[in-house]
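Structure first, then comments.
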Amino acid sequence: MSDTDADADTDAVSTTETSMNADANANADGDTLRTPIVAVLGHVDHGKTTLLDTVRGSAVSEDEAGAITQHIGATAVPLETVSEMAGELVDPADFDLPGLLFIDTPGHHSFTTLRSRGGALADIAVVVVDVNDGFQPQTIEALDILQRTGTPFVVAANKVDTTPGWTPTDGSPIQPTYESQPSAARDRLDERLYELIGDLSDEGFSGDLYWRVQNFTKNVGVVPLSAITSEGVPDLLAVLMGLSQRYMREQMAIDITGPGAGTILEVKDERGFGATVDVVLYDGSVRPDDIIVVGGTDGPIVTDVRALLQPRPNAEIRTENRFDRVEIAQAAAGVKIAAPDLDNAMAGAPLRVVRNRDRANVVSEVEAELADIAVETAEEGVVVKADTLGSLEAMANALKEADVPILRAEVGDVAPRDIAIASTANEERNQTVLGFSVDVLSNASDELEESNVRLFTDDVIYQLVDEYKSYVDEQERAQQETVLDKIVRPCRFRILEDHVFRQSSPAVVGVEVLSGTLKNNQYIIKWNGNEPARIGELSGIQEQGEDVSSARAGTRVSIAIDGPTVGRQIEEGDELWVELPEKHAKILEQELIDEIPADELEALTSYLDSHRKRDPFWGK
């Protein structure tokens, strides 16, 4: 993309020159305490978006001099505004951290997007849980990833205002509004909160209501609140500021003048700029004309920054003139970067500013981070697509735990090439594409209809893996049933007394099936000591005068046997067996033993025991 192209659409961006960061407090020695980065997670419809909107809306309504700044993919709330919203719960004099930066990633269903240098991009997280629903699949998935990355978190027990009998007090801290409620409402809420704390315990976390927690490094604080009425939101902000100040202050000390480091949240085409990346910057700074290195689908991309963009205040996202240019972005901040050659940049990948460093070293740094999350692949396996690099890593971990091999794994929507690759798998179970939080391109849908490839998509990783495993289990059962239909099944039966209807050509006798399954067109044997003697072939079965193809244990039927004569080779009262080919006996014992009924297993065991008395290795 040329310089001319980058500036072609003058309506798309304001020429206002400003700088942006989420406010920062400089120390006397020049070090700066950056804003802690907060991720808000939760199951669909549990209120995470409403909570973010409430934080934004409340902060805007305060109309303070240090009012919030809307970043790309993030919302910065300065300490003064936090104090106004939290009231007496937050005294600015007690804090030297500059505020909070809430990451806002609509469309991103997984916290896995938010990674940096092998850990979590967020310094602290809020897990939003509907007190009425408790933990749901995405809640559990979020907790699992938070645990893996070692990210501290609090639980926002949302929708307390839906408690029967609750009378809301908008914007109030939770304890005063709780105390003002009728006892029945308090009791009902207590019950729900203790159930939620029990859910935490079930997932391996010790938790309690936040004001009862003495040590937040060992226990998870639960903050009851309502994103709709803002009750308890002051408490949440106070807890986030308090935890950040007490436990993370040293981690927040950075040099904001140094070369920037960040994580790509999203790759988007913007009119007048082409492909752009939305980035959360967690260290240093970035300026127009900086050379940057970003992670791409084919390796690191080296390019130069043409423009830094932030949303215009109160601008509708659909309007053309919706961005302001900024002259510098400093951590912590969310910023849109316009630069050439970003089409293959990956969401979740690292971004580094070169500036006064050796370019080759920075490229190696990005390569190393990409290699750190490279997915282990096999010669035979499934195709995996995910929305971000972090999601891909989490998918690969989940599939590895489930012993599912991966042939190919990439970031991006499902494309025709993915269907073509999956169709080359030798095993039917591997002719599969697993897509996490991705769309299917229309031409890929067409190819899918014409192929034998199966596609599974979901926004919850473990549900996606479980769905695939269920499919494989069904396939295996179907294959086993097919094998069982084709294989000779063990059966022991006895000729009934006074039930000889014809002596020979064929012999027709009444029998009782003692164990196993009797089927037509199978050879029949009689044991003489340890020696099996084939006496004929079963050519017909009748039950109550009707022809049938098989008879199970416990039934009495009449059968026709070609070959023997009653009174010579067989007698009334004789015990006879279906002859099992040795190969079939081996398959039944080694592969299908869990699939056959108990009586059939009994017949198989007896049959094998008889053979192995004369040949210990028969059927092995």
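Heads up, the Cβ atoms here are built off N, Cα and C, so glycines get one too.
Here's what Swiss-Prot has on this protein:
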type	residues	note
REGION	1-29	region 'Disordered'
COMPBIAS	1-10	compositional bias 'Acidic residues'
COMPBIAS	11-29	compositional bias 'Low complexity'
REGION	42-49	region 'G1'
BINDING	42-49, 104-108, 158-161	GTP binding site
REGION	67-71	region 'G2'
REGION	104-107	region 'G3'
REGION	158-161	region 'G4'
REGION	162-185	region 'Disordered'
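Features per Swiss-Prot, on structure.
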residue	record	contacts (Cβ under 8 Å, 6+ apart)
Gly42	GTP binding site	Lys48, Val127, Val128, Val129, Gln138, Thr139, Ala142, Ala156, Asn158
Asp45	GTP binding site	Asp130
Val160	GTP binding site	Val131, Trp166, Ile174, Leu189, Pro224, Leu225, Ser226, Glu231, Gly232
Within-chain partners of the region 'G4' (158-161) [C-beta distance under 8 Å, separation at least 6 from its ends]: 42, 46-47, 50-51, 128-132, 168, 174, 189, 224-229, 231-232
Protein Cβ atoms within 10 Å of Lys48 (GTP binding site), excluding its own: 25
The region 'Disordered' (162-185) - residue tally per DSSP class, helix then strand then coil: 10 helix, 0 strand, 14 coil
Number of helical, extended and coil residues in the region 'G4' (158-161), per DSSP: 2 helix, 1 strand, 1 coil
Three-state composition of the region 'G1' (42-49), taking helix and strand from DSSP: 2 helix, 1 strand, 5 coil
Averaged pLDDT score, the region 'G4' (158-161): 98
